[in-house]
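Presented below is the structure to which this report refers.
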Amino acid sequence: MQGKVSDMEGKVRNYQTKFKSVNQENEALRDTMVQRQSKMVEMEKELKNEYEEELQALSGVREELEKVSSDKSTLQKELSNLEGKYKVMETLRDSQETELQTLKLSVQESTLARVQGTLRDTEEEVRSLKETVAQQEDELHAGEMERRRLHNTIQELKGNIRVFCRVRPLVDGGLSKHIQLPASDVKTITLAKTEESHTGKTAETQKNYIFSFDRVFGPMASQQEVFEEISLLVQSALDGYNVCCFAYGQTGSGKTYTMEGAEYDQARGVIPRAVQQIFRAAEKLATQGWEFTFTASFVEIYNESLRDLLYTGKASKRPEHEIRKSTNNEVTITNLTYEKVSNEDQVLGLIALANQNRSTAQTAQNDRSSRSHSVFQLDIEGVNVGRDVKCKSTLCLVDLAGSERMLKSQSQGERFKEMTAINGSLSNLGIVISALANKESYVPYRNSKLTYLLQSCLGGNSKTLMFVNIAPESDSFGETLNSLRFASKVNDCVIGTASANRK
Ligand code: ADP
Ligand code: MG
């Protein structure tokens with residue numbers, strides 16, 4: 001036990017020593033701590049000073065921050081405000097857009113409706129215009145038919161048989177003394193003859209023969225002027241009436257000049273002018289639904305026999321011709337060339353061919369053309385299908401043989417035969433026209449080839465025009481008197497205006 005107590009006492013001493021060193025150590029640590037505390041206070045002081053500034057600066061920042069955040073909230077408010085406005089605007093825009101769309105649609109609809117309306121109006125207008133056109137076409141047609149009727153009435157009042165006198169100019173111009181044409185009057189011609197007195201007395205030696213006709217053309221009358229009068233009859237031919245135009249007179253009096261004329265424009269005669277008028281008029285009538293067909297023929301009557309002037313075959317094979325009359329009174333010539341023509345140039349070509357044919361038949365001593373009749377015929381057929389009307393007519397233009405009389409002693413053989421044939425056919429022509437004018441029951445058409453050929457163109461509703469051509473030379477006095485007497489006999493029996501007075 002003692003051991004143990006000594007151990008224990010050792011240990012207590014140990015511990016007491018230890019305690020003493022720990023105490024000492026503690027003392028030292030307390031000092032260090034005090035030191036450190038004061039150091040800390042110092043440091044705290046230092047820090048306090050240092051942070052005071054920073055704090056102050058920080059409070060500035062905070063204020064700023066506060067301001068910024070208040071700004072931010074203001075802005076946010078504003079933003080949300082704007083956003084609200086924007087939303088309103090958007091809705092507004094949307095509604096306006098829809099409104100615009102509806103508006104557009106309605107505008108389109110109204111435009112469409114308006115266009116449709118205009119279209120309807122236009123269609124209506126077109127229909128009414130079409131009606132007007134149809135009505136005007138009817139009126140035009142009625143007008144055309146009325147014009148035809150009136151034109152014919154005028155022609156009939158003027159006389160279905162008319163005689164014109166035409167005096168050829170002297171070769172060196174002027175007018176011969178024995179022919180007098182009063183300036184005031186276009187219907188009278190006076191033939192004056194001063195005869196050598198057999199008894200020596202001068203009284204009663206002056207003889208005046210006064211003739212009046214439907215028209216007298218002096219030597220200055222142009223082809224155009226002459227044609228103007230005939231063009232009315234040419235119109236009648238187109239209207240469906242037969243028309244016959246003759247040139248009568250002694251050889252050299254201007255028959256061929258009147259009927260055919262010369263090549264150059266102003267000198268063109270009745271035939272080319274009539275043909276031109278007909279084709280032009282037909283062209284115009286085509287717009288009113290008329291369709292025309294034209295057939296031309298050209299025949300020569302020499303010594304009472306017929307010759308085709310449009311014949312183009314061999315001379316040795318020339319056929320014979322006969323005049324045939326059909327049951328409907330249409331006259332045709334057998335084996336004759338009937339040429340369909342559709343324009344002026346074709347006809348002019350045929351006239352040239354006829355002239356060539358005629359000249360080959362004559363020799364220097366035998367001027368056959370003056371002793372034969374040449375007959376140009378244009379058959380006109382018009383149809384207006386739409387109106388169901390037709391017209392058919394013939395235009396005959398005849399250059400007669402010279403009317404001069406030959407002394408019997410001078411004419412023998414062939415010449416005598418010719419003379420008899422010419423005299424026969426010309427006087428028969430006078431007789432036929434007189435008979436027609438006097439409405440006699442018997443008309444001797446058959447007495448000559450000329451009247452037989454032309455019978456359908458003479459009489460009835462036909463229009464006949466006789467030109468009496470006069471040569472102004474004083475040595476033609478006798479022939480001139482004969483021609484005027486013949487013509488006035490024809491004229492006289494028609495309307496009674498012609499008179500052959502002998503003073
Ligand atoms: P016909 O045929 O009667 O025998 P023509 O027509 O051949 O006569 O005429 C004879 C001549 O007189 C021709 O040279 C013709 O050119 C001319 N002649 C006829 N009439 C006229 C006239 N009105 N103006 C000018 N010359 C004409
Ligand atoms: Mg002639």
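Keep in mind that glycine also has a Cβ here, set from the backbone N, Cα and C atoms.
These features come from TrEMBL:
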{"type": "BINDING", "residues": "Gly249, Gln250, Thr251, Gly252, Ser253, Gly254, Lys255, Thr256", "note": "ATP binding site"}
{"type": "COILED", "residues": "5-146", "note": "coiled coil"}
{"type": "DOMAIN", "residues": "160-493", "note": "domain 'Kinesin motor'"}
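Where TrEMBL records a feature, it is marked here on the structure.
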residue: Gly249; record: ATP binding site; Cβ within 10 Å: 30
residue: Gln250; record: ATP binding site; Cβ within 10 Å: 21
residue: Thr251; record: ATP binding site; Cβ within 10 Å: 17
residue: Gly252; record: ATP binding site; Cβ within 10 Å: 17
residue: Ser253; record: ATP binding site; Cβ within 10 Å: 28
residue: Gly254; record: ATP binding site; Cβ within 10 Å: 23
residue: Lys255; record: ATP binding site; Cβ within 10 Å: 29
residue: Thr256; record: ATP binding site; Cβ within 10 Å: 19
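Less than 6 Å separates the Cβ from ligand 2 in the case of Lys255, Thr256, drawn from the binding-site residues Gly249, Gln250, Gly252, Ser253, Lys255, Thr256 in sequence order.
In the vicinity of ligand 1, defined as a Cβ distance under 6 Å, the following of the binding-site residues Gln250, Thr251, Gly254 are placed: Thr251, Gly254. Note: the ATP site is recorded as Gly249, Gln250, Thr251, Gly252, Ser253, Gly254, Lys255, Thr256; in the same chain, Arg168, Ala247, Tyr257, Ser370, Gly402, Asn469, Ala471 also have Cβ atoms within 8 Å of that site's Cβ centroid. A helical conformation is recorded for Thr256 (ATP binding site) in the three-state DSSP classification. In the three-state DSSP scheme, Gln250 (ATP binding site) is classed as coil.
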